[in-house]
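S.K.: What follows is a single structure, and I will ask about it in a moment.
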């Protein structure tokens, strides 16, 4: 029996349904051009602010060092001047934060994570100037802080500023541009576009709403910020360590051991950061005068330490290539490592506007290089290069402390231009992350955010209890 042929109307119905399905698919994948345009604006502004922030900090540092050089031959002048200049610069940063924008203190990354969850406010009109000028003061004073945290917060606030200027009310656009600004800020700080993207996806994965619109916007913003950075600073790697040798397969187990070493140190480092924060809170008790004076004392001591041991202060970018080249002995590397652990804890935990990314990269380099130099005489047949362990160590502490191994791997490879070391980097960061997790360590930024939210809830509860008393 002959099968019945479908009618013309049936063919038309099927064709229409297919067309509707295709249109729905296209519509679902269609990113509003307005969002991409604003993402490009956010990325461009974040790149410009990043370049301006870097050059401003360098200018302040050069002015301070230049003033000290003028009296370098007179010890009775150079020591007091080193303390006074750094103390005054640091006090500017502490005062601005405490007086005008408390949320601008510290790294700023937990604030962006909280804002992505609508748990923390984004008051860009006061955070932008306070974080910029305050960061110039604390970083210019030579304190052990990095510019990446401020740049992430500045970028996120730029995203919210652009949103308000264009009067976008969509919750999705608000979230997307905030994430775009944060990624663009990190990219502009390190000249690491892929790391900026991965940082949002990996470190802020609980808060970031991953979809076709948001990821395209993040890509667009990061591209623009990277282009702006390279226009002003060139395309060379931000940390010049040269091309290092490959890691032979029979030496890879050493990188796992190194990763386990960082896996033990990472949770301890996080614990010390939190305890030091509590210590400073007990000392100043929220009093602005005590807080600023303590900040000035810390800044002044960093200025003095810079005269005695310059490698113990500053963000650490200048120290990394020197240490990775094997110019220090194992004993000196460990001494500088311990000194920088102490100064990093004091400077970051005091609430100064500045990040901890760069100091952690320097700490990882020091310990990684020391491990490599100690292993060379123990395994002469391996023909080891201490520099490869320095590169692996850079990302390992970041992986163990922040719990973002993929970001740590890509960030270090982009900054040093040593992509051939990706395998030992993966092994080291994986070992560090797994052991840190096994030991019960918590991600640093998430823990700081939880403490901030708990403090916020306590303050709100106190105000709620105080209101009825005032009315009676």
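From the backbone N, Cα and C atoms, a Cβ is placed for every residue, glycine too.
As annotated in Swiss-Prot:
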INTRAMEM  109-116  intramembrane segment
INTRAMEM  177-189  intramembrane segment
INTRAMEM  193-201  intramembrane segment
INTRAMEM  387-401  intramembrane segment
INTRAMEM  405-416  intramembrane segment
INTRAMEM  417-421  intramembrane segment
MOTIF     106-110  motif 'Selectivity filter part_1'
MOTIF     146-150  motif 'Selectivity filter part_2'
SITE      203  site 'Mediates proton transfer from the protein to the inner aqueous phase'
TOPO_DOM  1-32  topological domain 'Cytoplasmic'
TOPO_DOM  70-76  topological domain 'Periplasmic'
TOPO_DOM  117-123  topological domain 'Cytoplasmic'
TOPO_DOM  167-176  topological domain 'Cytoplasmic'
TOPO_DOM  202-214  topological domain 'Cytoplasmic'
TOPO_DOM  233-252  topological domain 'Periplasmic'
TOPO_DOM  282-287  topological domain 'Cytoplasmic'
TOPO_DOM  310-329  topological domain 'Periplasmic'
TOPO_DOM  377-386  topological domain 'Periplasmic'
TOPO_DOM  439-472  topological domain 'Cytoplasmic'
TRANSMEM  33-69  transmembrane segment
TRANSMEM  77-100  transmembrane segment
TRANSMEM  124-141  transmembrane segment
TRANSMEM  148-166  transmembrane segment
TRANSMEM  215-232  transmembrane segment
TRANSMEM  253-281  transmembrane segment
TRANSMEM  288-309  transmembrane segment
TRANSMEM  330-349  transmembrane segment
TRANSMEM  355-376  transmembrane segment
TRANSMEM  422-438  transmembrane segment
S.K.: Of the listed stretches (387-401, 405-416, 417-421), which one yields the highest count of Cβ-Cβ distances below 8 Å with the intramembrane segment (193-201)?
M.R.: 405-416
S.K.: Work out, from DSSP, the number of helix, strand and coil residues along the topological domain 'Periplasmic' (70-76).
M.R.: 3 helix, 0 strand, 4 coil
S.K.: The topological domain 'Periplasmic' (233-252): which same-chain residues, six or more beyond its ends, come within Cβ distance under 8 Å?
M.R.: 51, 54, 190-192, 317, 320-321, 324-325, 379, 382-385, 387-388, 390-391, 414-418, 420-421, 423-424, 427
S.K.: Can you check which residues sit near residue 203 (site 'Mediates proton transfer from the protein to the inner aqueous phase'), meaning Cβ under 8 Å from its Cβ, same chain, 6 or more apart in sequence, and list them in order?
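M.R.: Counting only residues 6 or more apart in sequence, the Cβ neighbours of residue 203 (site 'Mediates proton transfer from the protein to the inner aqueous phase') under 8 Å are 109, 402, 403, 404, 407, 443, 445.
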S.K.: With Cβ distances under 8 Å as the criterion, find the stretch in 33-69, 124-141, 355-376 that has the most pairs with the transmembrane segment (288-309).
M.R.: 124-141
S.K.: What does DSSP give as the helix, strand and coil breakdown of the topological domain 'Cytoplasmic' (167-176)?
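M.R.: Taking each residue of the topological domain 'Cytoplasmic' (167-176) in turn, the totals are 6 helix, 0 strand, 4 coil.
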S.K.: Could you break down the residues of the motif 'Selectivity filter part_1' (106-110) into DSSP helix, strand and coil, giving a count for each?
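M.R.: The composition, in the requested order, is 2 helix, 0 strand, 3 coil.
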S.K.: Work out the three-state DSSP category of residue 203 (site 'Mediates proton transfer from the protein to the inner aqueous phase').
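M.R.: Coil, per DSSP.
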S.K.: Residues of the same chain, at least six outside the intramembrane segment (109-116), with any C-beta under 8 angstroms of its C-beta?
M.R.: 103, 122, 149, 152-153, 156, 160, 175, 178-179, 182, 203-204, 206-208, 355, 445-446, 448-449, 452-453
S.K.: May I ask for the residues of the chain that lie six or more residues beyond the topological domain 'Cytoplasmic' (167-176) and have a Cβ under 8 Å from a Cβ within it?
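M.R.: Contacts with the topological domain 'Cytoplasmic' (167-176): 34-35, 38-39, 116, 160, 209, 213-214, 217-218.
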S.K.: So what's near the topological domain 'Cytoplasmic' (117-123) in sequence-distant terms, Cβ-Cβ under 8 Å and 6+ beyond its ends?
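M.R.: Sequence-remote neighbours of the topological domain 'Cytoplasmic' (117-123) are 101, 103, 111, 156-157, 160, 178, 206-207, 452-453, 456.
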S.K.: DSSP helix, strand and coil counts for the motif 'Selectivity filter part_2' (146-150)?
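M.R.: Helix, strand, coil within the motif 'Selectivity filter part_2' (146-150): 3 helix, 1 strand, 1 coil.
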S.K.: With Cβ distances under 8 Å as the criterion, find the stretch in 124-141, 215-232, 355-376 that has the most pairs with the transmembrane segment (33-69).
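M.R.: By the under-8 Å Cβ criterion, the transmembrane segment (33-69) pairs most with 215-232.
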S.K.: Taking residues 6+ outside the topological domain 'Cytoplasmic' (282-287), which of them lie with a CB under 8 Å of any CB in it?
M.R.: 294
